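Feature list (source: TrEMBL):
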- A:14-265: domain 'Glycoside hydrolase family 65 N-terminal' (DOMAIN)
- A:322-690: domain 'Glycoside hydrolase family 65 central catalytic' (DOMAIN)
- A:W357, A:D358, A:K602, A:Q603: substrate binding site (BINDING)
- A:E488: active site, proton donor (ACT_SITE)
- A:700-756: domain 'Glycoside hydrolase family 65 C-terminal' (DOMAIN)
Number of protein chains: 2
Amino acid sequence: MKDYIQHHEWKIIEPSFDPAVNLVSESLFSIGNGKFGQRANFEERYSGETLQGSYVAGVYYPDPTRVGWWKNGYPDYFAKVINSTNWIGINVEVEGEELDLATSQVKEFSRELDMQSGILTRRFVAQLPSGKQVAVEAVRFTSIVDTDNGAIRYTVTPLNFSGTVTLTPYLDLDVKNSDANYDDKFWLPIAHQASAGQAFLSGETKKTGFHLGVAMSYELTLDGQPLTAEPTITDKPMWVGNTISQAVEQGQALTLYKYAALISSLNANNDAIEATALASVAAAKQKGFDTLAAEHSNAWAEKWQEADIQIDGDTAAQQGIRFNIFHMNQTYTGEDARLNIGPKGFTGEKYGGVTYWDTEAYGLPFYLKTADPSVARQLLVYRHQHLENAIKNAEKLGFKDGAALYPMVTINGEECHNEWEITFEEIHRNGAIAFAIYNYVNHTGDTAYLAEYGLEVLIGISRFWSQRVQWSKRRNGYVMLGVTGPNEYENNVNNNWYTNKIARWTLEYTQQALDTVAQQDPARYDAILAKTQFNSKEDEVAAWVDISKNIVLPVDDETGVFIQHDGFMDKELVPMGDIPAAEYPIHQHWSWDRILRSCYIKQADVLQGIYLFEDEFDTETIKRNYDFYEPMTVHESSLSPCIHSVLASRLGYEELAYKFYLRTSRLDLDDYNNDTEDGLHITSMAGTWMAVVEGFGGARVKNGVLSLRPFIPAQWQGYAFKITFAGVPIKVSVANGAVTVENRGDKPLVFKLFGQCQNLAAGDSLRHIL
Amino acid sequence: MKDYIQHHEWKIIEPSFDPAVNLVSESLFSIGNGKFGQRANFEERYSGETLQGSYVAGVYYPDPTRVGWWKNGYPDYFAKVINSTNWIGINVEVEGEELDLATSQVKEFSRELDMQSGILTRRFVAQLPSGKQVAVEAVRFTSIVDTDNGAIRYTVTPLNFSGTVTLTPYLDLDVKNSDANYDDKFWLPIAHQASAGQAFLSGETKKTGFHLGVAMSYELTLDGQPLTAEPTITDKPMWVGNTISQAVEQGQALTLYKYAALISSLNANNDAIEATALASVAAAKQKGFDTLAAEHSNAWAEKWQEADIQIDGDTAAQQGIRFNIFHMNQTYTGEDARLNIGPKGFTGEKYGGVTYWDTEAYGLPFYLKTADPSVARQLLVYRHQHLENAIKNAEKLGFKDGAALYPMVTINGEECHNEWEITFEEIHRNGAIAFAIYNYVNHTGDTAYLAEYGLEVLIGISRFWSQRVQWSKRRNGYVMLGVTGPNEYENNVNNNWYTNKIARWTLEYTQQALDTVAQQDPARYDAILAKTQFNSKEDEVAAWVDISKNIVLPVDDETGVFIQHDGFMDKELVPMGDIPAAEYPIHQHWSWDRILRSCYIKQADVLQGIYLFEDEFDTETIKRNYDFYEPMTVHESSLSPCIHSVLASRLGYEELAYKFYLRTSRLDLDDYNNDTEDGLHITSMAGTWMAVVEGFGGARVKNGVLSLRPFIPAQWQGYAFKITFAGVPIKVSVANGAVTVENRGDKPLVFKLFGQCQNLAAGDSLRHIL
């Protein structure tokens with residue numbers, strides 16, 4: 001837990017310099033644009049503790065996974081998005097003395113991330129060992145308009161001397177990766193060139209062969225007047241740069257505008273990368289820093305129009321929720337279906353920047369309600385692209401006939417994790433992907449997507465489920481043995497209720513989807529049947545129907561709750577309140593076997609199913625299960641509190657709902673788990689958003705209709721959220737004992753408010769007294 | 001499967017040279033004496049594929065265990081017995097041309113291990129690239145009398161030339177370890193000295209700080225006449241040697257006698273190692289090769305008197321069983337309670353030379369019946385020495401008040417394995433240790449051991465069991481959740497019958513042991529109670545009684561068998577015959593999750609319990625369980641067939657018993673699993689012996705009385721085994737339709753034959769018609 005970030009409605013502010021939290025700040029102040037991202041490292045050299053991090057989406061390296069004991073079927077590597085070209089670097093010398101905040105006396109310092117405009121500013125006054133003082137202002141952004149470009153304005157002002165200031169803007173590809181097994185380097189040099197005012201560097205990742213070319217150019221001004229100093233040029237395979245020395249009078253501002261363009265082989269042919277990057281950086285320079293920045297900021301303003309949440313009377317909460325929305329939008333933009341959302345986004349290297357079920361279960365609901373449907377659609381297309389690999393993955397495990405098992409962890413569709421109890425057994429991720437398809441279609445009505453992509457995926461997943469269950473004579477039903485549910489504090493269990501439930505649901509929904517596509521697009525339907533060799537459709541579907549009817553989903557006689565898995569009720573069932581405080585979190589204090597045989601639940605499991613399939617259950621059932629399971633839940637996944645918050649809201653447990661909301665809303669800003677230095681918890685940020693919109697706001701989409709049931713947490717004076725539904729942007733405000741719904745679009749919206757149907761014309765608003 | 005070893009009753013013979021099987025032969029022809037061991041590497045340099053291996057018992061290195069995902073409570077290292085000083089090396093040059101079988105034409109070659117005398121002989125004729133031919137005979141042994149010494153007689157005879165032969169006997173500590181993670185070296189040099197005729201080298205293991213000093217000396221003869229050629233001396237930190245050049249006429253035999261002494265810090269103070277080693281090697285040289293060899297061979301003859309098994313009419317079977325007995329005796333002698341039995345003994349590096357439950361479950365029964373009781377006793381003392389560590393290990397996992405959990409894998413009492421499902425959950429090993437205590441006392445009547453060592457261990461283990469179970473309201477009984485049974489093809493199961501059974505048995509036997517010691521040695525009893533803080537003995541024991549009465553041990557209603565674990569009967573239960581042959585062994589063809597959720601059993605599980613507690617069950621019960629479980633057992637552990645063979649014998653399934661016996665009797669000799677190159681399956685060798693003595697011979701010890709119930713496999717004409725019981729060596733011969741039992745000792749023996757009590761005077765024999 002830390003408390004050094006100043007509270008502010010729109011800005012993240014670090015008011016002074018503390019090297020001890022520098023790694024944390026580097027994560028918090030990260031900027032990105034969905035295509036590349038950059039930790040908040042300093043431009044000038046810094047010899048203190050830092051995790052230099054510049055990440056290009058989709059550029060990964062397959063690191064060999066080493067474990068003591070290999071199991072058949074394990075993947076050969078763990079993919080990771082690797083650190084790439086340092087494009088922000090500007091070394092600074094003052095009369096031959098290097099500027100380095102680790103060796104200087106830092107007299108003033110602030111780092112500010114303006115989330116409204118997407119611009120990061122750092123200001124400081126440093127006294128060098130010689131006693132010379134300089135003021136520096138560094139402003140930078142990664143453009144969300146010109147998405148290949150980053151730009152920096154770096155100003156140095158001598159405060160107590162006049163003398164030569166030397167600036168060296170450079171590009172460096174000789175970078176380290178924090179989680180390299182043995183300090184491996186992952187890049188091989190390709191081309192490099194440097195000339196006065198411009199440089200280019202390209203490299204290739206080992207094994208994967210991605211190319212990345214980065215170009216830079218710059219302009220220099222003195223008190224705003226252009227300078228044309230002749231640089232010294234350095235042109236080495238992994239390092240190119242210009243060095244410019246300039247006499248600067250005391251009080252004069254020497255400003256370097258540095259422009260960068262990052263072009264990877266995802267977006268250009270290898271042999272066009274150099275030209276593309278140079279052209280891009282030239283265009284950026286031509287446009288100029290101020291124009292680039294203004295366009296970028298305007299685009300951010302538009303994003304906020306779609307997705308903002310306002311909270312009145314609680315600046316910390318306001319800052320927290322905007323921070324989360326900001327980073328969700330920095331991480332994924334939906335422009336490229338080959339990309340996805342790593343648990344740390346572009347803010348660190350932990351979890352390797354690869355894709356988990358977090359995307360479908362947490363990320364997708366956020367983008368569905370805050371962005372154009374095409375954004376969420378791209379996330380689904382990503383999985384469709386990986387269908388063939390998912391089928392191969394299932395084959396590797398002994399499945400056949402087009403059964404698809406999506407990986408637990410992936411970057412390219414191949415599994416890249418290596419704990420058997422996760423990789424082989426935590427198969428509910430397959431269900432999350434099927435549910436995401438439903439979720440998307442339910443929100444958007446885009447059944448054409450089903451025909452084009454979704455149905456094939458559903459067929460593959462349903463085939464997997466139908467092969468993964470087996471008939472148990474003893475149980476007189478279908479059982480699913482040897483799985484790990486969302487609760488990873490139990491492994492290798494039988495008949496995890498959530499997994500059986502989502503499997504059954506998938507089988508049923510796939511039948512619906514088959515019917516939908518058959519009706520709407522018979523030609524495509526026939527094509528899919530042919531492609532998937534769905535020859536014996538009737539037999540297959542009959543088997544699915546049989547499984548749906550007969551899969552075991554036991555209810556406990558005594559308590560009436562759904563049984564988490566076969567052995568759960570044999571456990572000692574004691575609430576987590578009985579655990580001594582000193583033993584939290586239990587995963588740091590208890591041995592793994594003790595955790596496994598305890599009743600303690602890491603994150604929503606039965607309740608995750610109740611959250612997804614809420615409509616099937618009456619309030620009493622939801623309450624019964626919530627009251628039974630939540631007290632045994634330790635919430636040691638950042639993905640847990642949000643689901644509980646939404647359900648608590650649903651049950652009218654308003655205090656609890658708020659308590660759970662708080663647990664993740666400032667998770668990173670306050671470094672709650674002491675791990676923000678590794679990067680931000682991007683996917684759980686979406687969960688926090690869900691706690692507000694689905695929880696406090698009660699937003700649901702049922703049968704394609706939006707419904708709202710808002711309340712206001714006692715701690716707040718008011719709040720408002722913006723979402724888009726069926727192409728209509730709306731704003732829901734809750735304050736002063738009333739809910740106001742505003743149709744900000746250009747067509748009418750039919751929705752439900754507290755169960756009542758409402759028809760709201762374009763531009764109109766509606767006020768409802770609570 | 002290979003078939004290149006010549007069948008012979010007493011010898012292992014490789015009749016020709018095939019570099020492709022050299023690694024296999026290096027394992028098969030390994031020699032050792034319980035204190036150190038040596039793979040059958042060549043003395044002269046060999047540039048072909050070889051695993052140079054010289055291992056000193058108890059000298060290990062804690063290698064960091066690297067896994068992708070760490071669990072709380074995992075050990076920090078994996079201990080491994082490391083390769084140490086190469087003491088056999090003798091480089092050979094012929095007129096300046098190096099002798100290397102990889103570059104020579106090998107005209108004749110044989111490697112012979114005479115198991116009767118414990119001597120390894122290699123003979124070959126090699127034609128060097130120059131065309132020069134030499135005959136070589138290399139004879140060596142690791143003395144089981146002078147257990148610090150190894151000796152070699154190495155003779156070179158020029159066959160088609162006269163010229164200078166140069167021999168370089170040396171010691172080399174700059175050795176590789178085959179399973180080093182990153183080609184690490186584990187030795188640091190300490191001292192070295194070389195002079196004419198003698199050299200010494202010592203080193204220290206990194207981290208663990210073991211010292212090892214090795215001294216060598218030699219004598220040289222030409223056609224039997226002593227030579228006194230002046231050597232060239234090499235004296236480097238990790239390499240010392242003498243080089244002697246001698247003119248040899250065609251047909252003359254140049255013989256080098258090389259003596260070595262290996263002294264580790266287990267057996268001498270660090271500063272006495274050098275003097276001890278030099279004195280030892282001087283004494284060996286003084287005694288001379290022939291005397292050393294004769295004494296060694298005589299000692300082997302004595303061992304065979306105690307432990308031999310003769311098989312008539314089946315040379316392959318005869319060779320196989322002697323090979324197993326030979327290696328069991330090479331590996332462990334009971335002289336040092338700090339040592340134990342690695343799964344590969346001194347024959348390779350796999351499994352790190354560390355101790356598993358194999359020792360108690362397989363090794364101990366062998367030594368109990370074939371060696372002085374002190375040998376088996378040392379194995380138990382080893383565990384007593386580790387009691388404190390076992391208590392710490394349990395504390396690490398959250399247990400308390402003196403509960404002891406012995407490690408799954410250890411060398412020094414600390415756990416050094418890192419799969420949670422094994423380390424944390426395969427806790428039945430604790431029961432195997434308790435059972436071994438009972439087994440020893442039952443065989444020997446040595447209740448004094450109980451007072452001195454056994455009782456404390458039993459109390460610690462019983463405390464563990466009593467804390468590891470928990471009361472289940474639902475089951476109205478004690479349950480044991482989250483365990484892995486002997487069948488490692490299921491992990492993290494609840495109420496594994498075998499584990500629950502052995503836990504209950506331990507609780508009961510500990511109470512007996514408490515009573516025994518209280519009666520026989522009240523003072524020691526009080527001391528143990530004080531030491532173990534058994535303050536509330538009555539409460540603790542009352543809890544044990546309660547657990548014994550109420551622990552769940554379910555019987556299946558439908559089949560009447562013991563249920564392997566809670567979920568087992570929900571599985572699809574199909575015999576292994578249904579698996580296509582191409583999919584064997586399933587651990588190489590099936591994904592791990594598929595194996596886990598299948599019904600297939602790796603090794604005896606319920607049947608392991610029935611084997612141990614046979615007396616509690618009538619034949620019908622044994623048969624019912626055997627007939628149910630064996631068909632689902634894939635025997636993919638080398639420890640599986642023997643238990644099934646013994647039970648099949650018990651049930652009169654004689655063909656099956658023989659079939660299972662065959663599966664391990666020549667496991668290594670025929671390289672059945674294609675892994676002999678890694679080393680021999682030492683612990684399963686004991687199982688093969690059990691299949692003969694306990695299986696075919698029907699030998700049991702019940703209430704301290706030996707009983708026999710032999711039959712003869714149809715494939716054999718006759719067989720005989722020697723065992724020792726209650727200090728009386730006996731020989732049981734089965735042939736020509738009769739069993740003959742011979743009392744070879746000097747006191748009478750009361751035993752049972754086919755249930756009939758027999759009293760056999762010293763020197764008498766008894767013939768029983770079958």
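Glycine residues also receive a Cβ, built from the backbone N, Cα and C atoms like all the rest.
In sequence order, A:M408, A:H428, A:R429, A:A432, A:I433 constitute the residues six or more apart from A:W357 (substrate binding site) in its chain with CB-CB distances below 8 Å.
Within the same chain, residues at least 6 positions away in sequence whose Cβ sits under 8 Å from that of A:E488 (active site, proton donor) are A:E421, A:I422, A:E426, A:K602, A:Q603, A:S637. Overall, the recorded substrate-binding residues A:W357, A:D358, A:K602, A:Q603 cover a maximum inter-Cα distance of 16 Å. Counting only same-chain residues at least 6 apart in sequence, those with a Cβ under 8 Å from the Cβ of A:D358 (substrate binding site) are A:I341, A:P343, A:L639, A:T683, A:S684. Close to the recorded substrate site, the chain also has A:Y356, A:A361, A:P486, A:E488, A:S637, A:L639, A:S640: residues not among A:W357, A:D358, A:K602, A:Q603 whose Cβ is within 8 Å of the site's Cβ mean position. DSSP gives A:K602 (substrate binding site) a coil state; it is part of no helix or strand. Under DSSP, residues within the domain 'Glycoside hydrolase family 65 C-terminal' (A:700-756) fall into helix, strand and coil as 0 helix, 35 strand, 22 coil.
There are 23 other Cβ atoms within 10 Å of the Cβ belonging to A:Q603 (substrate binding site). Within 10 Å of the C-beta atom of A:K602 (substrate binding site) sit 22 other C-beta atoms, taking all shown protein chains into account.
Per-residue confidence over the domain 'Glycoside hydrolase family 65 C-terminal' (A:700-756) averages 96 (mean pLDDT, predicted model).
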